[in-house]
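Peer 1: Quick one: this structure, given as structure tokens, is what I'll be asking you about.
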Amino acid sequence: MEAVGERGNLARVGHILLVLSGKGGVGKSTVSTELALALRHAGKKVGILDVDLCGPSIPQMLKVQGKGVHQCDSGWVPVFVDQDKSISLMSIGFLLEKPDDAVVWRGPKKNALIKQFISDVTWGDLDFLIVDTPPGTSDEHISTVESLRPYKPLGAVLVTTPQAVSIGDVRRELMFCKKTGLRVIGIVENMSGFVCPHCLECTNLFSKGGGEELARHAGVPFLGCVPLDPQLTQSLEEGRDFIQEFPKSSAFPALAHIAQQILDRTF
Amino acid sequence: MAEGPGAAPPPHGCPGTSSAQAGRAAACQGCPSQGLCAAGGPAASDPAIEEIKEKMKIVKHKILVLSGKGGVGKSTFSAHLAHGLAKDETKQIALLDIDICGPSIPKIMGIEGEQVHQSGSGWSPVYVEENLCVMSVGFLLSGPDDAVIWRGPKKNGMIKQFLRDVDWGEIDYLIVDTPPGTSDEHLSIVQYLSSSHIDGAVIITTPQEISLQDVRKEINFCHKVKLPIIGVVENMSGFVCPKCKIESQIFPPTTGGAEKMCQNLNISLLGKVPLDPQIGNCDQGQCFFSEIPESPATSSYRNIIQRIQEYCALHHSQEKLSNQGME
């Protein structure tokens, strides 16, 4: 046995980042997945912890749905996404009997599982652990931040879409970070603009610029705009490695740039 | 659920977490979740349920707007369902926002910053029109940066107050907008309304599988708590470029979209609403029935609302008949 010490299963995890948003469906899981793929591309070992218990999306996005989690002496073994074992994932999706089973749980039960996810998963050596969260500022978030506090997370990446309704929810999430003492690494604006593949006209489906303005207003870094890109949505549906396969697509430079900024911050 | 405490399989005869017997039934003895289940929800003996039943007697129809997935358009749909129903000036419409951590309704309805007033008969909701009133936790916050960092029990208490302590008055349609998921808020609204009849749920989705997989969970939730499903609305289905008029699938229906899912699960598809940038930008109180009456999205909305009205009318008369039969 290697020395696990006080940090237990997280002893050999380099940096922990949380992906948050007050709003649902803005691309938290997309950003978590693509960030993991981009960091892997840069030669890093990455773990993803999916604490969205009612709507886990990451297993589908990494094409590992239906895989099982095994138990060993020191805890749960996460699911490895590739042969090199460079990305590992833990999600409630692996614990469900049937994929469409609803997890109809109130707070206390969700909190108990999150605590277990944080203490009992045998991540081993990781450069980054990315924690993907559900929307809101409630049980899952409070429990995750409280349980991770001893491990001093690097901070949170906040994801928003450009329109006012989404920005409003993300402002509340910023307040959550402030109140819980979680550092904000920066804001990502997702779904900003769609370039028609036929005529190259760019339409701002959900308006534009809200994320950058919010970052300026809140005095936190703006990490970039990710455009709506059908190649990206398609890759996520099919669980393909977008970073590897579509370096020429419109969303690629934005995602690569976000990953680079996180790498720059850690070395 | 597979191995590991906290994720242990439910014991044989488990009454279910939403049952009044949760944590108390004979089968719960020795189950690792017993304590959690027993402490989890409002007990069925909660006197509020009876009080809410009294209050809801003068609310004719109750519709929940649900989706397992966030950001698919629940609040936009709820708001426009309310606007659409309120077109009939003889009807009173109420819109209740139980998304406690991310209340979007005040902004979408253009009444952000309004306050709720207390009167002898309870909290007065905020009126958008004479026959359309709104209640949301957004009206109780001190500012737009104010976050509601609450765990389940506090959220449940708020929902109870919204149902019991708001001076709703006589209402034809109460529309309840919910947060994504299948957790505290959802269990609470169904439990608190358990003695008052709920017409059913409208489920919102987008076309891609990532969204549908969460929505199927929500449908299972409805079956579990015996909530009738009025139907499914597919939002953001296809986008017609305003310049070249060619349609693109931004959120591709790789597994057949809502249509296929509805066929497989034998529930009705109420309609598909295309992505219209004018809707995405309509988030500061504009109503697109009057702003963009010609948009295909608007006409699709009109059809869906009509189908919901028909459903409610039909079920209302059926219920009346069966009540008469019992007497």
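Quick reminder: no glycine exception, Cβ is built from N, Cα and C everywhere.
Sharing the features that TrEMBL gives for it:
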- B:Cys14, B:Cys28, B:Cys31, B:Cys37: [4Fe-4S] cluster 1 binding site (BINDING)
- B:Gly68, B:Lys69, B:Gly70, B:Gly71, B:Val72, B:Gly73, B:Lys74, B:Ser75: ATP binding site (BINDING)
- B:Cys241, B:Cys244: [4Fe-4S] cluster 2 binding site (BINDING)
Peer 1: Specify the nearest of the binding-site residues B:Cys14, B:Cys28, B:Cys241, B:Cys244 to B:Gly70 (ATP binding site), where nearness means the distance between Cα atoms.
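Peer 2: Among B:Cys14, B:Cys28, B:Cys241, B:Cys244, B:Cys241.
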Peer 1: Looking at Cβ-Cβ distances, which residues of the chain lie under 8 angstroms from B:Ser75 (ATP binding site) while being 6 or more apart from it?
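Peer 2: Non-local contacts for B:Ser75 (ATP binding site): B:Asp97, B:Asp99, B:Ser104, B:Ile105, B:Ile108, B:Asp177.
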Peer 1: Name the one residue among B:Cys14, B:Cys28, B:Cys241, B:Cys244 whose Cα is closest in three-dimensional space to that of B:Val72 (ATP binding site); these are the binding-site residues.
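Peer 2: Given the candidates B:Cys14, B:Cys28, B:Cys241, B:Cys244, the nearest one is B:Cys241.
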Peer 1: Could you tell me the C-alpha distance between B:Gly71 (ATP binding site) and B:Cys28 ([4Fe-4S] cluster 1 binding site) in angstrom, no decimals?
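Peer 2: Cα to Cα, B:Gly71 (ATP binding site) and B:Cys28 ([4Fe-4S] cluster 1 binding site) are separated by 37 Å.
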Peer 1: What three-state secondary structure does DSSP assign to B:Lys74 (ATP binding site)?
Peer 2: helix
Peer 1: Check the Cα-Cα distances from B:Cys244 ([4Fe-4S] cluster 2 binding site) to the binding-site residues B:Cys14, B:Cys28, B:Gly68, B:Lys74 and tell me which is shortest.
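Peer 2: Minimum Cα distance from B:Cys244 ([4Fe-4S] cluster 2 binding site) across B:Cys14, B:Cys28, B:Gly68, B:Lys74 lands on B:Lys74.
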Peer 1: In angstrom units, rounded to an integer, how far apart are the Cα atoms of B:Gly73 (ATP binding site) and B:Cys14 ([4Fe-4S] cluster 1 binding site)?
Peer 2: 35
Peer 1: Does DSSP give B:Cys28 ([4Fe-4S] cluster 1 binding site) helix, strand or coil?
Peer 2: helix
Peer 1: Can you give me the Cα-Cα distance between B:Cys241 ([4Fe-4S] cluster 2 binding site) and B:Gly68 (ATP binding site) in Å, rounded to a whole number?
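Peer 2: B:Gly68 (ATP binding site) has its Cα 29 Å from the Cα of B:Cys241 ([4Fe-4S] cluster 2 binding site).
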Peer 1: My understanding is the cutoff is Cβ-Cβ under 8 Å with a sequence separation of 6 or more in the same chain; which residues meet that for B:Lys69 (ATP binding site)?
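Peer 2: Counting only residues 6 or more apart in sequence, the Cβ neighbours of B:Lys69 (ATP binding site) under 8 Å are B:Pro180, B:Thr205, B:Thr206, B:Ile210, B:Ser211, B:Asp214, B:Val215.
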